[in-house]
Amino acid sequence: MNLKVKQKIPLKIKRMGINGEGIGFYQKTLVFVPGALKGEDIYCQITSIRRNFVEAKLLKVNKKSKFRIVPSCTIYNECGGCQIMHLHYDKQLEFKTDLLHQALKKFAPAGYENYEIRPTIGMQEPKYYRAKLQFQTRKFKNQVKAGLYAQNSHYLVELKDCLVQDKETQVIANRLAELLTYHQIPITDERKVLGVRTIMVRRARKTGQVQIIIVTNRQLNLTQLVKELVKDFPEVVTVAVNTNTAKTSEIYGEKTEIIWGQESIQEGVLNYEFSLSPRAFYQLNPEQTEVLYSEAVKALDVDKEDHLIDAYCGVGTIGFAFAKKVKTLRGMDIIPEAIEDAKRNAKRMGFDNTHYEAGTAEEIIPRWYKEGYRADALIVDPPRTGLDDKLLDTILTYVPEKMVYISCNVSTLARDLVRLVEVYDLHYIQSVDMFPHTARTEAVVKLIKKV
């Protein structure tokens with residue numbers, strides 16, 4: 001490799017990578033260029049050299065893709081929260097389908113060349129879709145600003161009118177930053193000041209209820225701030241404080257205390273409502289969640305005699321779509337508050353065939369089997385890290401008749417399929433665009449036990 005940092009080179013972009021970057025070859029060296037699109041001829045500058053590839057900065061597009069558009073966001077290049085807003089939305093959907101093909105080719109689970117990969121299901125209006133806002137805070141010249149860190153940095157980009165963020169959550173976040181400034185609430189920095197680190201605002205689309213978490217690494221007096229905030233926004237029904245003193249990139253600490261209002265908000269999906277406590281996980285895009293869950297119901301295709309396990313169940317939302325269709329439903333999650341929500345939700349909806357426990361799937365499922373419980377169907381919705389090796393071992397040991405894997409990371413999905421297709425036939429993969437203008441996608445995978 002003869003390339004050097006700061007060297008400027010011409011490049012033909014052959015494809016797009018998992019983070020939305022353009023990928024080309026220069027003298028047989030792989031080059032990654034954020035902002036470049038497939039089919040473009042560009043001029044770029046090398047920014048870093050790795051063992052098997054180099055990274056470069058886009059300087060000029062000599063031949064533009066006909067699908068390149070001008071992003072609507074004025075700080076698109078500065079923020080980094082979205083990666084492919086400069087690509088026409090129809091082509092974004094094609095790109096996300098292609099990501100599945102790329103991941104499968106890399107990990108090569110048995111028979112992947114013949115998998116049915118269905119076109120990605122997109123949104124009618126791909127904007128203002130994020131019902132949950134999670135912004136970092138910093139103080140600049142005595143003014144508190146909230147936003148996201150620029151990519152690969154701790155430089156805060158203030159966001160006051162984000163095009164993918166629910167409008168109401170954005171308005172509340174803007175006002176919260178003003179109140180933090182007015183009341184001179186300490187804001188954490190990179191050196192020695194302790195105070196507010198992060199603000200979270202989540203809005204239930206079905207009910208309009210809002211909950212707020214203020215993440216801090218010291219005890220604060222927020223009484224007057226909260227009083228003014230809830231006066232300005234009557235839809236706020238919960239304000240909580242999460243204490244995180246760890247010097248890590250983890251946003252939340254273990255302790256969350258509600259300092260005003262009720263324990264949870266009410267949200268709805270498909271034909272049922274449920275409670276969400278502040279720390280409980282729920283999908284960020286409510287509109288596409290309806291699509292995702294409908295696809296999961298269709299793929300699992302349960303019957304009334306089935307016993308179903310909902311791993312990574314959260315507050316029970318996916319499982320509730322099946323509760324009236326199966327004989328029994330069991331779920332687990334590592335967040336105890338989510339399990340308590342799941343129990344309350346099931347009771348309120350009148351389900352008497354459900355059972356929930358806090359803990360990991362790889363620990364709980366083997367115990368259930370030892371106790372005599374046998375699942376005919378399994379649904380998994382793991383984090384981006386994919387399935388734990390112990391859980392994979394458990395699945396391969398007990399092999400429920402049918403399984404649906406909901407993935408938010410095509411790479412870990414393809415990796416996990418290498419083992420799963422040892423015992424399952426893969427019927428199809430249906431991707432759903434949960435995060436327009438970003439390089440992320442979700443996929444529903446239908447698996448049936450081999451005969």
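Positions of Cβ are set from backbone N, Cα and C atoms, glycine also.
Annotated features in Swiss-Prot:
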ACT_SITE  CYS408  active site, nucleophile
BINDING   CYS73, CYS79, CYS82, CYS162  [4Fe-4S] cluster binding site
BINDING   GLN283, TYR312, ASP333, ASP381  S-adenosyl-L-methionine binding site
DOMAIN    2-60  domain 'TRAM'
Rounded Cα-Cα span from CYS408 (active site, nucleophile) to CYS79 ([4Fe-4S] cluster binding site), Å:
22
If one looks at the chain holding the residue listed as 'active site, nucleophile', which residues at least 6 apart in sequence have a CB under 8 angstroms from its CB?
PRO383, ARG384, MET434, ARG440, THR441, GLU442
Over the span of the domain 'TRAM' (2-60), how high is the average pLDDT in this prediction?
96
Surrounding CB atoms that lie within 10 Å of the CB of CYS162 ([4Fe-4S] cluster binding site), all protein chains:
23
Within 10 A of the CB of ASP333 (S-adenosyl-L-methionine binding site), the number of other CB atoms across every chain shown is 26
What is the set of residues, excluding GLN283, TYR312, ASP333, ASP381, whose C-beta falls within 8 angstroms of the centroid of the C-beta atoms at the S-adenosyl-L-methionine site?
PHE281, CYS313, GLY314, THR317, ILE318, PRO382, ILE406
Do me a favour and check the Cα-Cα span between CYS73 ([4Fe-4S] cluster binding site) and ASP381 (S-adenosyl-L-methionine binding site); whole Å is fine.
31
The rounded CA-CA distance in Å from ASP333 (S-adenosyl-L-methionine binding site) to CYS82 ([4Fe-4S] cluster binding site) is 29
Pull the DSSP breakdown for the domain 'TRAM' (2-60) and write it out as helix, strand, coil residue counts.
0 helix, 36 strand, 23 coil
In the chain carrying TYR312 (S-adenosyl-L-methionine binding site), residues 6 or more apart in sequence that have Cβ under 8 angstroms from it:
MET332, ASP333, ALA361, VAL380, ASP381, PRO382, PRO383
For the recorded [4Fe-4S] cluster site formed by CYS73, CYS79, CYS82, CYS162, name the remaining residues of the chain with Cβ within 8 Å of the site's Cβ center, in chain order.
PRO71, ILE75, TYR76, GLY81, MET85, LEU159, LEU163, VAL164, HIS437
What whole-number distance in angstrom separates the two most remote CA atoms of the S-adenosyl-L-methionine-binding residues GLN283, TYR312, ASP333, ASP381?
15
